[in-house]
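J.: Annotations per Swiss-Prot:
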type	residues	note
SIGNAL	1-15	signal peptide
CARBOHYD	Asn26	N-linked glycosylation site
CARBOHYD	Asn31	N-linked glycosylation site
CARBOHYD	Asn79	N-linked glycosylation site
CARBOHYD	Asn149	N-linked glycosylation site
CARBOHYD	Asn165	N-linked glycosylation site
CARBOHYD	Asn242	N-linked glycosylation site
CARBOHYD	Asn322	N-linked glycosylation site
CARBOHYD	Asn368	N-linked glycosylation site
REGION	419-464	region 'Disordered'
COMPBIAS	426-435	compositional bias 'Basic residues'
COMPBIAS	438-447	compositional bias 'Low complexity'
Amino acid sequence: MTKWLLLMVCLGIACQNIRGGVVRENSSGKNLTNTLNVIHKWKYLDYDFDNDERRQAAIQSGEYDRTKNYPLDVDQWHNKTFLAVIRYNGVPSSLNVVSDKTGNGGRLLQPYPDWSFAKYEDCSGIVSAHKIAIDEYERLWVLDSGLVNNTQPMCSPKLFAFDLNTSQLLKQVEIPHDVATTGKGELVSLTVQAMDSTNTMVYMVDNKNTLIIYQNADDSFHRLSSHTLNHNSDKMSDQQENLTLKEVDNKVYGMALSPVTHNLYYNSPSSENLYYVNTESLMKSENQGNDVQYERVQDVFDSQLTVKAVSKNGVLLFGLANNTLSCWNEHQSLDRQNIDVVARNEDTLQMVVSMKIKQNVPQSGRVNNTQRNEYLLALSDRNQNVLNNDLNLEHVNFQILGANVNDLIRNSRCANFDNQDNNHYNHNHNQARHSSKSDNQNNNQHNDQAHHSSKSNNRHNNND
């Protein structure tokens, strides 16, 4: 597989350089191996072709190859679980829902909203859904890279929005090439901030480490470049199963938006540093030039961060190397003593490639139903097998895991503080600046921010 395949299949987070950092045990002393429950699992991904004749025809034509299907992202709305599958030759549909039907590999996938969107010859369908996100207004946002095999641009990159109540397409926005400057659709991350149904911001990152901001109100795009988004290539090795990868490009992945502080957290896959920027400054950035302040937290994490998500109470949950999930509460200062481990499992947490926090408990699986306010949804795979393209189709290779957030952090350092508010957060946050480095001066010194606004040529309905 190519370097991009290695990078993108695991969302740029599989190439973790495990340097022997020690992740502390959970402060509660509880057993961490079973804190996450298995909701769905697959030996390989298969699809609901309606009948066996259709499946056999897809296999014979090369439309479907069970060894080429790798899930990249997961999200859930009521009883629908969405699964994004990166498009390689042999992937019949990139955007799917998990059906009630079961095949030999696991639950069958159904193209969403139907098979017509899985066809892309005329560029009206979805080529490769790299990231998906569901907002508070019951809309599914889909970032389509337009690439096949991660290298072949078939169509322009696009942003789709679907009404989940009707499964109707609300908007299909072509991302202009002068905004996605690579011209190859190499867009790799997606986060949505919906102030209301019209005033919605969509944050994306391209493979040149540039933040692209889409404003739903007027269908405009603009770019923000910063050296915090631009990391040099490192030589790094993944010691899991003796797998070694060298000279893999650093990219920005795993963005997470806090509903408490409105901070947008991000990091490069080989970095132990965490960066963040407040989205209020991003909203003003189009007109205010360099008035965007980026913060960097360094020397806090024992190993590299992977994907992450933030709860409604400000608990940042994130993956680390060594098969663990950890947490930090935004109401506390960001230092080592306030970070805790909430899950560890060498099998199910070998590599977490997607993480979401949802408001309703899934309809299947063993997730605790006693508190229905929030639960963690995580997608994991067998890292070394995916990277080496040698999946053992007799073993479980992909899993969707879940846990009630309150149960997950109970008795940990991240347990919610009901008597704390954002003022207390700001006080502690300011105290933590000794471990945070403001990059605003560096931005001005290096003149490394570039802005570009563009009105896109969109095809969309007027009811959005």
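Each residue's number is its place along the chain shown, starting with 1.
Yeah, the Cβs are placed from backbone N, Cα and C, and that goes for glycine too.
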J.: Neighbour count, 10 Å Cβ-Cβ cut-off, for Asn165 (N-linked glycosylation site): what number do you get?
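T.: Asn165 (N-linked glycosylation site): 10 neighbouring Cβ atoms within 10 Å.
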J.: Find the one among the glycosylation sites Asn79, Asn149, Asn165, Asn322 whose C-alpha lies closest to that of Asn31 (N-linked glycosylation site).
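T.: For Asn31 (N-linked glycosylation site), the spatially nearest of the glycosylation sites is Asn322.
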J.: When you measure from the Cβ of Asn149 (N-linked glycosylation site), how many other Cβ atoms are you left with inside 10 Å?
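T.: Result for Asn149 (N-linked glycosylation site): 18 other Cβ atoms within 10 Å.
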J.: Whole-number Å distance between the CA of Asn79 (N-linked glycosylation site) and the CA of Asn322 (N-linked glycosylation site)?
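T.: Rounded to a whole number, the Cα-Cα distance is 32 Å.
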J.: Cβ atoms within 10 Å, counted per site: which of Asn31, Asn79, Asn322 has the most, among these glycosylation sites?
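T.: Its Cβ has the most other Cβ atoms within 10 Å: Asn322.
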J.: Determine, to the nearest whole angstrom, how far the Cα atom of Asn322 (N-linked glycosylation site) is from the Cα atom of Asn165 (N-linked glycosylation site).
T.: 40
J.: What whole-number Å value do you get for the CA-CA distance of Asn165 (N-linked glycosylation site) and Asn149 (N-linked glycosylation site)?
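T.: Cα of Asn165 (N-linked glycosylation site) to Cα of Asn149 (N-linked glycosylation site) measures 32 Å after rounding.
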